[in-house]
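Some notes on the structure that comes next.
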Amino acid sequence: MNWTVDIPIDQLPSLPPLPTDLRTRLDAALAKPAAQQPTWPADQALAMRTVLESVPPVTVPSEIVRLQEQLAQVAKGEAFLLQGGDCAETFMDNTEPHIRGNVRALLQMAVVLTYGASMPVVKVARIAGQYAKPRSADIDALGLRSYRGDMINGFAPDAAAREHDPSRLVRAYANASAAMNLVRALTSSGLASLHLVHDWNREFVRTSPAGARYEALATEIDRGLRFMSACGVADRNLQTAEIYASHEALVLDYERAMLRLSDGDDGEPQLFDLSAHTVWIGERTRQIDGAHIAFAQVIANPVGVKLGPNMTPELAVEYVERLDPHNKPGRLTLVSRMGNHKVRDLLPPIVEKVQATGHQVIWQCDPMHGNTHESSTGFKTRHFDRIVDEVQGFFEVHRALGTHPGGIHVEITGENVTECLGGAQDISETDLAGRYETACDPRLNTQQSLELAFLVAEMLRD
């Protein structure tokens, strides 16, 4: 398989050689044990990596540097981080309506949070690369190889479709590039207009069963916008927005193929993972001596690490020391995913231990993954109340310790799916079958996402 030109793989342009020290560090990282990797032929994977090494990147270093600057504000308590999007992107749903819907949902949430926090909101989407998922078992209930995301195999319950296919690496890149191109176009051509986004939010308040609760906040935002209009404020920032791309750095054949060399802030050559602006290491692949953490050490992108209920304060400190050796504010985001019943007990000693190191990390709450259960009707689901409660517990911990609750990381969609229970729509277990469309884990629908944003805005104002 080739990219878009009829050139044999062995004639594609090669990347310039890395400086010796970077080459040594990268090789050492990739030689470590790597969990959750596809089992495909090494020679075919090498051929696909060669293709990806010759293509234009999905992002560019200057955008990553700009994101790093904004994340430094979050780490210092001067901004808030909103990260959200599909649990797993699919090639089939990589369409203009779906991407537009997700971008719109993220923008709607961001407007509410910006007003509630009275500070900038850094917007990061789970988009343009979230095509792979770790799984708890290699074989599913049908006796087939588990679906691991479109980057690795197909979703259809068919043995041939479930084979691990390295040519999907190139398909993932093509879809990611197209998605990122559309995101840039949408956010610079009117969709991100503050007045338009607020009008959508007013519609939510008008039609939602819980709208009355949020009417006061929406009216305040409305008054603020009218005041700016009366003053003749017509700044470009009111018409556009920056949305950065993120995904879990899971499939190392993909991540390593998208590495590019560029000069850093200090003029020294650095390796940027240009498959995204920022990546995170998941709960199942964050082995302290594994390849994923070592890979994250090598790249210049800001990175995140998921912290589940088994995390210890001592291990959290070790992640901080390895991934943020130069104490760069916002370089590292620690994403707690404890579950609503555990966050109030487990998070405080971790925060205290990390804060004592003097590192300025971002504390972010993932209220989704610790609150997943199977419904009586057989669907994997999450209850809206538990999601809200984990965010509330996260805020309570940080308020008590005097630290900054820096952000939330949520799985959302701009479509009216029925995957998570509860919320103002009061989705029940019998409703789940109506529009249960996720390729992996359940997502908050548009109304639930915006309802969560209004509730978090209230927390930010308290």
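Backbone N, Cα and C atoms are what each Cβ position is placed from, and that goes for glycine too.
The annotation in Swiss-Prot ties CYS87, HIS369, ASP441 to Mn(2+), and of the candidates under consideration, GLU53, GLU396, GLU411, GLU415, the one tied to the same site is GLU411. LYS306 is the only one of LYS306, LYS353, LYS380 that Swiss-Prot places in the phosphoenolpyruvate site (with ARG126, GLU283, ARG284, ARG337). Each of the binding-site residues ARG126, ARG284, LYS306, ARG337 was scored by other CB atoms within 10 A of its CB, and the lowest score goes to ARG284. The most crowded of the binding-site residues listed here (GLU283, GLU411, ASP441) is GLU411, judged by how many other CB atoms sit within 10 Å of its own CB. Within 10 Å of the C-beta of CYS87 (Mn(2+) binding site) there are 20 other C-beta atoms, taking all protein chains into account. For the pair formed by GLU283 (phosphoenolpyruvate binding site) and CYS87 (Mn(2+) binding site), distance between Cα atoms is given as 14 Å, rounded to the nearest Å. Each residue contributes its Cα atom, and for LYS306 (phosphoenolpyruvate binding site) and HIS369 (Mn(2+) binding site) those atoms are 10 Å apart. For HIS369 (Mn(2+) binding site), applying a Cβ distance below 8 Å and a minimum sequence separation of six or more within one chain yields GLU283, LYS306, GLY308, ARG337, ASP441.
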